[in-house]
2 protein chains.
Amino acid sequence: MQKLINPKRKEWDALCTRPSYSTESLTERVSEIIAMVEARGDKALIELSALLEGANLKNLAVSSSEIEEAKGSISEDLKKSIDLAISNLTTFHSRQIRPVEYITTSKGVTCWRKGVGMETVGLYIPGGSAPLFSTILMLGIPAKLAGCQNLILCTPPNASGTINSAILYAASILGIQQIFKVGGAQAIAAMAIGTETIPKVNKIFGPGNQYVTKAKELVSVRGTAIDMPAGPSEVLIIADESSVPSYVAADLLSQAEHGPDSQVILLSTSDEVLNETLCEVERQVMELPRSETAMKALDNSRGILLRTLDDCMQFSNIYAPEHLILAVEKASAYAEKVVNAGSVFLGNYSCESAGDYASGTNHTLPTNGFAKAYSGVSVDSFTKYITYQELSREGIQNIGPAIEIMAEAEGLLAHKRAVSIRLKDVQND
Amino acid sequence: MQKLINPKRKEWDALCTRPSYSTESLTERVSEIIAMVEARGDKALIELSALLEGANLKNLAVSSSEIEEAKGSISEDLKKSIDLAISNLTTFHSRQIRPVEYITTSKGVTCWRKGVGMETVGLYIPGGSAPLFSTILMLGIPAKLAGCQNLILCTPPNASGTINSAILYAASILGIQQIFKVGGAQAIAAMAIGTETIPKVNKIFGPGNQYVTKAKELVSVRGTAIDMPAGPSEVLIIADESSVPSYVAADLLSQAEHGPDSQVILLSTSDEVLNETLCEVERQVMELPRSETAMKALDNSRGILLRTLDDCMQFSNIYAPEHLILAVEKASAYAEKVVNAGSVFLGNYSCESAGDYASGTNHTLPTNGFAKAYSGVSVDSFTKYITYQELSREGIQNIGPAIEIMAEAEGLLAHKRAVSIRLKDVQND
């Protein structure tokens, strides 16, 4: 980690840059994959799976016997842990459902807004080094609460054509029945376009590598909604004299192990805490199985001494971190000053892992500074809000004349006439 | 309008297609404009304005004297009408603000979600044939309610370098102080990148022509959020025996006058109502100042007889209209069956114009079938929801072990250790 002492305000913008992360060069290859899926559907998916995962698939769909088998192979401890996570996620997310409220705006004019779950949504879960079954909970629970009818899950098989048991278990316990063995850009293409086996979806959710990210970008321009733009995971920790350096170091590393392009930032008002934490990071990283990955991420990372906690908050709001840990004594007071962040963790016991798995908040969050304009995944991410209005005769009498005047001022005379023709009848009655 | 009698179910998908609307060919030109603005800032904007609008601008910013002058030139009737619209829009949108709710998910684990307004948002208002000051209300009111700090408005000047008075009046009454004379793709580029005069924004809102649409698409891929993908405006009306053909015709035309690429769809269970409405359309269109535009839109449009109102609802949910008018006797019952639509109008007195101007709902809505996955603009469109969590010692004791087990199962040992290091201390105390 790079250490900086009281950098000047004008240097902050540069210190807030992320490791460069361009997917530009992938456009051609990913466009080819999308075109293959569009032209030849399932056949293209099976061929690509043989080529990329080395799997010889007969069926893309996971069978019910595969799911039963997976259930049997999960330890009771893991099942109970998943149950707890589901319970907390459900408690938190269910409060996001909004009741319909009828609002009288003018006499005789009633307006309301109703959330309706998207009919078919696609969840992508990467394979690779870490089987992210927790992401199934983070996407599946709000999707179910929103009332989505069809949940489609795509995840890549390993070379023997099978899927990680925990992934199958998590999906099945949420009632997700349509699980397909397909990964990468081709999975995103399949859900965006639809194939013989895989339904076309309204919106695609979930993390992935640069191929997946590029495919999501390309299909979103073609008209399939996506959860949010992607980028490597990141954490920013603000630590004062009350922080415990070994905890802060562990939190920095829990983020750094995600990938070599991850970034972790430590801001502190205490030179002592900063130095001790950086030493702890050096020490703890050696004990990790993924130490090589974490060390690469640390190369992109910074420990910065700043004069005041207000300076730290100002820096953090410019950086707009995906995860923000306020490891400070007056965490609640500083939480009020957060303007840009995905998810915020208060105090010494609120480690990022808690939000990653089981506190109840969602772990699908905006990275790469996108927290300035995007929110993490919530029930709303799976919901369309439809507005309604009903005007009575009195209603059109009350607001009709204003509509006529405004429509005329905009030069939209047919808009005016749609009101006039009604007002005439109402007044003649 | 094309008339169809009881088309078979398998023909419905084809009947739900929109007029083709490709901006692909514009990519090169719009990319050039973005590059110009990126390289030369304000200078590029002033040159482009001279080239495209024929305006010889000294300043991009609208001055306070221009705003004062505009205020003086607006009729009292129009001012009062705008006041009524603002009042109804504020009443409806203010109920979308969500209070913070603290939720205990497990003992010692408190989670909450807080809406924070985006700091800087950009509103684009097109010039051209219709000065859409109503759109300023539709974007400015929810932006203010969300708590956005800086509202930036861009709108093209006319050849004499001035802006329509109603646009300046509407902006000033909402307290929008940063108004710039810049239109088209270059306005979108300026707000996405920032220039000497125009601030860089977090998210861009507002309608526009194909250049604006393409520019929004291109800057969104570069990382600036946009309100939603664009497409021509549209209405679908469902009419039964109780409908008034002259009203339905007026509503179809109020949509058709928007542009030659607009589409209007009439579904009816009554052959008589269908025929009478189509005759009325022919008659009324001739009386419109924008009849030429409306007639072109009618060429893209369809009147379809279907057997039952349930069939009509099913068709409508496939079409996913921006505006849906339920001109049927039991409008409330059928409103319950809407799955995909932007905004719904119930009964004979709820014309689309009401929602366009003054009922209180937002008129910035998903077109082109995007209502399957997108909502219209609301306070949420200007809000980031940040999640928070605070674990006490008891909290980490309660959920820590589950986190350890799940993290280990995902192979993320540093995530596990961030919990273990705390649990060890807590248990040793």
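Cβ atoms are placed via backbone N, Cα and C, with glycine included.
Annotations in TrEMBL come from automatic prediction, not curation.
According to TrEMBL, the feature NAD(+) binding site maps to B:TYR124, B:GLN186, B:ASN209. With a cut-off of 8 Å between CB atoms and residues at least 6 apart in sequence, the same chain places B:ILE33, B:MET36, B:VAL37, B:ALA44, B:LEU45, B:LEU48, B:SER49, B:ALA215 near B:GLN186 (NAD(+) binding site), listed in sequence order.
Shown in sequence order, B:GLN255, B:HIS258, B:GLY259, B:SER262, B:GLU322, B:HIS323, B:THR367 are the residues of the chain, 6+ apart in sequence, with a C-beta less than 8 angstroms from the C-beta of B:SER233 (substrate binding site). Sequence annotations record features per position, and here TrEMBL assigns substrate binding site to B:SER233, B:GLN255, B:HIS258, B:HIS323, B:ASP356, B:GLU410, B:HIS415.
According to TrEMBL, the feature Zn(2+) binding site maps to B:GLN255, B:HIS258, B:ASP356, B:HIS415. The Cβ of B:ASP356 (substrate binding site) lies under 8 Å from the Cβ of B:SER134, B:SER254, B:HIS363, each of these being in the same chain and 6 or more residues away along the sequence.
Its Cβ taken as reference, B:GLU322 (active site, proton acceptor) is surrounded by 28 other Cβ atoms within 10 Å in the chains shown. The feature active site, proton acceptor is assigned by TrEMBL to B:GLU322 (among others).
Here TrEMBL flags B:HIS323 (among others) as active site, proton acceptor.
In the three-state DSSP scheme, B:HIS415 (substrate binding site) falls into the helix class. Neighbour density at the Cβ, taken as the number of other Cβ atoms within 10 Å, is lowest among the binding-site residues B:ASN209, B:GLN255 for B:ASN209. Of the chain residues outside the NAD(+) site list B:TYR124, B:GLN186, B:ASN209, B:PRO126, B:CYS154, B:PRO156, B:GLY183, B:GLY184, B:ALA185, B:ALA187, B:ILE188, B:GLY208, B:TYR211, B:VAL212, B:ALA215 have their Cβ within 8 Å of the site's Cβ mean position. Spacing of B:HIS415 (substrate binding site) relative to B:TYR124 (NAD(+) binding site) is 44 Å (Cα to Cα, whole number). Filtering the binding-site residues B:TYR124, B:HIS323, B:ASP356, B:GLU410, B:HIS415 for a Cβ under 8 angstroms from any Cβ of chain A leaves B:ASP356, B:GLU410, B:HIS415, in order along the sequence.
For B:HIS415 (substrate binding site), the count of additional Cβ atoms within 10 Å of its Cβ stands at 30 [all protein chains shown].
In this structure the alpha carbons, written CA, of B:TYR124 (NAD(+) binding site) and B:GLU410 (substrate binding site) are 46 Å apart. If you measure from the Cα atom of B:ASN209 (NAD(+) binding site) to that of B:GLU410 (substrate binding site), you get 48 Å.
Least packed by the Cβ count within 10 Å, out of the binding-site residues B:TYR124, B:HIS258, B:HIS323, B:GLU410, is B:GLU410.
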